[in-house]
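Annotated in Swiss-Prot:
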type	residues	note
BINDING	R58, Y195, K201, R321	substrate binding site
BINDING	K201, H220, 236-244, E285, R321, 440-441, T446	ATP binding site
BINDING	K201, H220, D257	Mn(2+) binding site
Amino acid sequence: MSIDTYTETLKINKLIEKATSHFQLSSTQLYKKILKNHEGELTELGAINVKTGKYTGRSPKDKFIVTEPSYKDNINWGDINQPMDEETFLKLYNKVLDYLNQKEELYIFSGYAGSDKESRLKLKVINELAWHNLFARNMFIRPESIDEAQNIKPNFTIVSAPHFKANPKLDGTHSETFVIISFKHKVILIGGTEYAGEMKKGIFSVMNYLLPIQDIMSMHCSANVGEKGDVALFFGLSGTGKTTLSADPKRKLIGDDEHGWNKNGVFNIEGGCYAKAIHLSKQKEPQIYNAIKYGTILENTVTNDDGTVDFDDNTYTENTRAAYPIDYIENIVTPSKAAHPNTIIFLTADAFGVIPPISKLTKDQAMYHFLSGFTSKLAGTERGVTEPQPSFSTCFGAPFLPLSPTKYADLLGNLIDIHDVDVYLVNTGWTGGKYGVGRRISLHYTREMVDQAISGKLKNTKYIKDDTFGLNIPVQIDSVPTTILNPINAWNNKDNYKAQAYDLIQRFNNNFKKFGKEVEHIANKGAFNQ
């Protein structure tokens, strides 16, 4: 099959220039379309509540990268970065473009990924659904004017057709759903799923390719900055506390999920926040709760007849979400960038209940835990996950990393050295027993520990090296019970603790073998009990 970039561009332009295609609509204009099309409902808080159908999380098994000659040797192919040949992609791409051309209305957004203009990606988003376009408007960086938007020549285009269902036998997919990235054609093609998070994570995957090949670190983390300009990064997978812990009233938010780190410092890749909304309350998370207002999208929350939202109701999913512009948070940095980090926090939700609530890592331990990326898959963030499961996600973001893990590890290691960054491992998971026996570590105590780490109070405090993991645990932290600092003390049965801990250590060792001899020096110095 032959189709050139010129032909594709003509088809894209035809979609954009259709009389019924709506370009750069405001939030109010999109609200009107959403309500008219019955895509969502208005809540008492002013936010729009939508349902994403049967897919309430990402579909990682349906994600592909096109095997184009100029790029294929750079990609870390495997279960995460699944290959699709170019001919198969182009056939499906044209089917989707023809499908969208028949739609009565389309919604177009132009904007950016990357708040540092030196490391910015120009975007165009073509949506079948009005609420998806509002999502794009909320999550990506918005141009300051219509004129600016019209003059954006995109480096990448998202084509989103959630109601187009693929035929696996004909289209080369695994199911009706597909998320396909083509670096040659500069397209992210999405179909068969209404879960809007595929758009944001698709662009993140693209940035995780484009930035590191320029020796710019890309990171699955949140970031904030204190009054003195001290910057903290929070690494962790969905549900481990990145959004919650970085939304600190005492510090200004840089971003809640995706960042780059270049010669100028840290910058947000996005223009919005995508916060978990399950059990959200004004008391526990006031900044996030106050962002649930006009312009915000709520995904899969339950509303009562009077329009009130029941954030505790998980009828549709545990993975309820709120998508809002970053300026809905009161304490933010504008633009969303800051200096080089002083502190890095690795967040993990340990379902075994054996990792300390906080420990200070050496450089080698930091690299070991960055490559390991231990956490637990939390309910709802992926299809098929209904309770926490221990897992390893390289660099705390394996589903979004197209390149070899060592590329990201080398970049981070160099930056830690250059800028003398303190690194801590923080367990936001369980204590006193594994999941189902123990309890979740109190958010209040986690905040206290993190606050004192990023303020520098823990930099020179007294530490003990625990016998089980070889981690440096603070002897005392103000306002935190000493009984929880060393996890063995929180278990009633010490033998059970040791058995569970050694089981986890063995899992770490087995997982690290996949990296081979290339990182043997990190394992020798950074692994548990070294």
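Each residue, glycine too, has its Cβ placed from N, Cα and C.
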Between G236 (ATP binding site) and K201 (substrate binding site): CA-CA distance (Å): 15
Conformational class of K242 (ATP binding site) under the three-state DSSP mapping: helix
Assigned element (helix, strand, coil) containing I441 (ATP binding site), judged by DSSP: coil
Rounded inter-Cα distance in Å - Y195 (substrate binding site), D257 (Mn(2+) binding site): 17
Reduced DSSP assignment, K201 (substrate binding site): helix
D257 (Mn(2+) binding site) versus R58 (substrate binding site) - Cα distance in angstrom: 15
Candidates G236, T240, T244, R321, I441 (binding-site residues) with Cα within 10 Å of D257 (Mn(2+) binding site): G236
Cα-Cα distance linking H220 (Mn(2+) binding site) and G236 (ATP binding site), given in Å to the nearest integer: 7
H220 (Mn(2+) binding site): secondary structure state under DSSP, collapsed to three categories: strand
